[in-house]
């Protein structure tokens, strides 16, 4: 008979405060509170503001989960939390809460690598089969991994400058659109209007790099304004998205072929992008794609990954 675990998981790496409760691999409660609307006023994430929102929300979300599930907190066996990477102040709030709670209820503490949890975000409601290629595309990172086991995750490629999600936000901002920029650009995407070529494509084996694309788009808009030339934001946004997503897909194909892999898992905020999801599904591989609610930062992916580690007597690798 399988041992019963009751796992509380905590995510606080950036601007989402999230808690989830798992009974083994079954998600029984999940709460997310985002400070994105407050951050939008500043055009991006302000770390101190995000930390304060975590402090304000984390206790409330825990109480909400207790009220919703009617569980006795003393029955919680494990407290999993995002240990890295992320904004230091935000991580600190989650870590302190997790440590204090675990100490009070005598639960085991489980630190989790946030990026690796993104790799396994699709495992919340489906089984992932090893080995597979893992793609994480978010506001903080763009990474590709060779995943052979829950604790055998080899980095193959990662961003050498700006992450793809950050570039989405910056491009949206220069076009006068709100934060976060990714959903807005994706919503306005029109393939037949993606006619601009800002920069040349890079070789697939090179590290992810989006700063050149971001700078080229910003310069294009600035130059157009200075010369009082008309420009269409939809054309610019569509051209940006088409190039950025094609760069990701090119690298995915390269590493699938290089390692002769037939499975691909994706995660991170940009994995919600409709063009990326379509192109992933068009690949001749088995694709593990998370539900939309699990693409951004969330405690469900932390808890699902924590359970897999606990069950298999493994620990999260606390390096990128």
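Each residue, glycine too, has its Cβ placed from N, Cα and C.
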| query | Of 125, 162, 169, 257, which does Swiss-Prot put in the substrate site with 136, 137, 138, 139, 140, 182, 186, 273? | reply | 169
| message | Can you tell me whether DSSP puts residue 136 (substrate binding site) in helix, strand or coil? | response | strand
| message | Helix, strand or coil for residue 273 (substrate binding site)? Use DSSP. | response | coil
| Any idea what the Cα distance is from residue 136 (substrate binding site) over to residue 118 (Fe cation binding site), rounded to a whole Å? | 6
| message | Let me make sure I understand the structure: which of the binding-site residues listed (140, 182) has the fewest other Cβ atoms within 10 A of its Cβ? | response | 140
| remark: Same-chain, non-site residues whose Cβ lies within 8 A of the 114, 118, 297 Cβ center for Fe cation are 11, 13, 82, 86, 115, 117, 121, 136, 138, 267, 268, 298, 301, 302
| request: Restricting to the same chain and to sequence separations of six or more, state which residues have a Cβ under 8 Å from that of residue 118 (Fe cation binding site). | output: 136, 138, 267, 268, 301
